[in-house]
Amino acid sequence: MFSKSLEALHHAKRYRKRELFDPLLKDYASNDYLGLSVKKDLLQNAFNKLQSFVSHSPKASMLVNGYHPLHAELEERLANLLGFESALLVGSGFLGNLALIDTLLVKNALLFMDAHYHASGIFSTKIKPNQVIFFSHNDIKDLKQKLFNAPKNKIKFIAIEGVYSMDASVAPYDFYAIIQEIPNAFLIVDEAHSFGTIGENLLGFLEYYRIKEKDKIIKLSTFSKALASYGACILAPLQTIEFLTNRAKSVIYTTALSLLDTALTLAHLEYFIVQKQELKNELSKHQQIIFETLGIRTLAGFFTLEFESNPALLNAHHFLKEKGFLVGAIRPPTVSKPLLRVSLSLKNSLEDTKELANTLLNYSKIQSSFKSG
């Protein structure tokens, strides 16, 4: 039934498959930026949190009887840590974007979304396409023009990522400034790749720009990157959270977040709060190695290298695997051009990162097929 489509994917070098990689490979492919996924003492802490409760399963939707004390504790701790009035757990970042876009786009609202916003957000806009306007990536001038052309009486949501997942760029401060100029404008910030990687205390985009006033901000923070767990949380003013709780289909009609993931997120969050400065210093050392060796400066927990073609990308990916390094090989249509995505996970040593950087440098001397992203 799908043979021709699969053949076309093979021919274009776009075919994907699930693969069990050699655990001895150095992991520079995952989003485990702070290296928490290998800390077994934190896993034991998570189990200990669960042991004190009769049930270890969420059982139902949060609006039936699936809401658990661990859920409430995580919401409260995140709201306090990140300086928001209220918080709402969701099953994943994908479900979080679906909840925000499907629910907040009421009849008199428009959404202005960065063209490079995460695929889950772009997918969610298809529900209400007539209420969505895309602007050029990180282009404040293009956004201002589109806002100027929009009806003045509409509620306006502007959706950006703190750190963009496929180019490591940090969204400009101007996106926050513009919502202060427009009375009925609000900012949605997907902090999936910025929490745990930027900011004085690694708290993300809002801390990076020292933004204190959050009454016009809605933050989506995921647990599957720096916090090495699963799930996500929407943080916003209380009224917004109450509205989402009552209207968001991906909150109402889905089982509450796994209690094991919730406990694991709490355990990892507690460790992060205590160790954040040490983690920041360690991440900075990895970033400095990449800059000194390859001349690539990244503010985030990863960097990218752009390739001319899928075969060239896959050749580099294979070469690095042979040298003991696993990196991400990201191909169209996920990105416009093939990218090698290199994550600076702290579970790797500084010596590992030096070796990887030198391996990439040596590869670049014999190949002219990539440039820094």
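Glycine too: its Cβ is placed from the backbone N, Cα and C atoms.
Pyridoxal 5'-phosphate binds Gly93, Phe94, Asp190, Glu191, Ala192, His193, Thr222, Phe223, Ser224, Lys225 as Swiss-Prot records it, and from the list Ser86, Ser165, Ser169, Ser250 the residue named for this site is Ser165. Of all the binding-site residues given, namely Ser165, Thr334, the one with the smallest number of surrounding CB atoms inside 10 A is Thr334. Gly93 (pyridoxal 5'-phosphate binding site) carries a helical DSSP state (H, G or I). Listed in sequence order, the binding-site residues near Ser165 (pyridoxal 5'-phosphate binding site) (C-alpha within 10 Å of its C-alpha) are His118, out of Arg16, His118, Thr334. His193 (pyridoxal 5'-phosphate binding site) has a Cβ environment of 28 other Cβ atoms inside 10 Å.
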